[in-house]
Amino acid sequence: MCLNKMDESIKKTHPEKRLMKFICKNLYYLGCGQYWYESIDRSKFETTIYVLWAIITNVYLYGIIVNECLGHLRSNLTIKERNDLIQFTCAHPSIGLKFIILFIRRDQVKYMLKRLLEGTRSIFSSSDIDKASTQKAVFYCSTLMITTYSTLILTDLEAVIAYYKEGLPIRTEVTYYPKSVDTVAAKIFRFFIELHWWFFVTIMIQVDCLCYCALVYMSFKFKALQVYFEELGKIFSNPDKRSRKEIEKEFKEAFIVGMGLHEDTLDCAKTVQSTLGAIYSIQIFESLSLIVMCLVKLVHAKRNLMFLLADLSYITVMLVLTGVYMMVSGDITHEAYELSTSIFHCGWEMSNNRDIRALAVIAIQRSQVPVYMTGLGLIKLSYANFISVVRSSYSFFAVMY
């Protein structure tokens with residue numbers, strides 16, 4: 001009961017924290033480890049059971065991926081199976097690598113989350129901005145979930161139709177074993193292979209949602225800074241019978257605090273980039289290669305309605321996965337750039353204090369330095385580069401054919 005009341009309280013006062021805690025909890029229950037920065041008391045028995053659960057889930061997760069890679073040794077695959085095998089053995093190891101990187105950097109993730117969610121909150125926060133950032137993060141996460149699970153459903157339906165029309169075994173992932181489903185053991189193993197894709201994708205969604213939320217919250221930290229500086233002008237408009245000297249002193253102190261908040265936000269952006277940069281680098285590589293593969297399948301594979309729907313929905317998932325990373329990172333760049341305008345209109349011109357004017361110049365110059373999230377250490381994540389990534393995939397396909 002106390003936990004429920006606490007969650008309800010967090011929902012009202014800190015919705016960003018509640019959403020991120022929910023995602024970290026999902027990752028924990030899926031056997032991916034603990035990413036939440038607050039300590040949670042668990043008994044020795046619970047810890048032991050969890051370690052066993054994590055070992056089982058990860059052996060299951062990566063064991064099937066190895067089984068998929070070994071599928072290339074099979075010589076009795078159909079053209080469709082071979083195309084699917086190439087596609088999945090490109091996608092699944094790269095997604096699995098994202099999980100491994102996140103686990104290796106779990107301490108960095110905890111530090112990043114604490115800075116994002118707690119950081120300077122005691123100095124300045126806005127409930128309206130908290131709600132807006134949470135709504136935006138939920139929208140992106142929901143879009144990813146809907147498109148991804150729709151693809152899984154359509155792919156499973158395609159496999160079921162192929163079973164009834166052509167007598168092919170129902171399968172989505174092509175593996176080395178079992179080569180047939182003649183025995184009961186093979187059928188049971190095949191069931192767990194089919195379940196693997198759903199389990200694997202569910203973890204992928206949680207990992208990407210964690211990254212989405214971190215990037216969205218980062219952009220709204222710059223938005224909160226804009227609000228902070230815009231509200232500084234109220235110090236001059238509400239003098240409250242204070243002397244001019246007292247008002248200017250208060251403004252100067254508040255302005256210096258704002259400059260400190262800006263430096264902390266810039267440093268927080270560097271923390272997000274260093275922690276998650278490798279993950280969205282992998283995503284760019286994965287999307288480029290898989291979109292090309294899906295286009296190739298459209299050319300060579302035997303077409304029917306379910307195949308077209310499944311393949312196009314797969315392309316949509318790749319576009320959503322990469323597009324959200326690119327667009328949210330572009331929002332960070334945009335909001336960081338807009339901060340200079342907010343500082344310029346903060347009311348510094350109403351002061352005759354030369355120190356305040358000098359601070360304003362320094363703050364504006366500092367805020368005009370672009371803030372970028374980068375992938376592969378080269379590609380700036382932005383709206384324009386998202387179009388470039390999609391176009392380059394199509395151009396590569398056009399050159400091949």
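Yeah, the Cβs are placed from backbone N, Cα and C, and that goes for glycine too.
As annotated by TrEMBL, transmembrane segment applies to 47-65, 85-104, 197-220, 279-299, 306-328.
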So what's near the transmembrane segment (197-220) in sequence-distant terms, Cβ-Cβ under 8 Å and 6+ beyond its ends?
16, 19-20, 23-24, 26-27, 30, 32, 35, 57, 60-61, 64, 92, 95-96, 98-99, 102, 109, 112-113, 116-117, 129-130, 132-133, 136-137, 140-141, 144-145, 148-149, 152, 172-173, 268-269, 272, 275-276, 279-280, 283, 321, 324-325, 328-329, 331-332, 334-335, 373
Which bits of the chain, at least 6 residues beyond where the transmembrane segment (279-299) starts or stops, bring a Cβ under 8 A of a Cβ in it?
83, 86-87, 90-91, 94-95, 97-98, 101-102, 207-208, 211, 308, 311, 314-315, 318-319, 321-322, 325, 329, 373, 375-377, 379, 381, 389-390, 392-394, 396-397, 400-401
Determine which residues of the chain contact the transmembrane segment (85-104) at the Cβ level, with the cut-off under 8 Å and only residues 6 or more beyond its ends counted.
32-33, 35, 61-62, 65, 68-69, 71-72, 77, 173-174, 200, 203-204, 207, 210, 278-279, 282-283, 285-286, 289-290, 293-294, 297
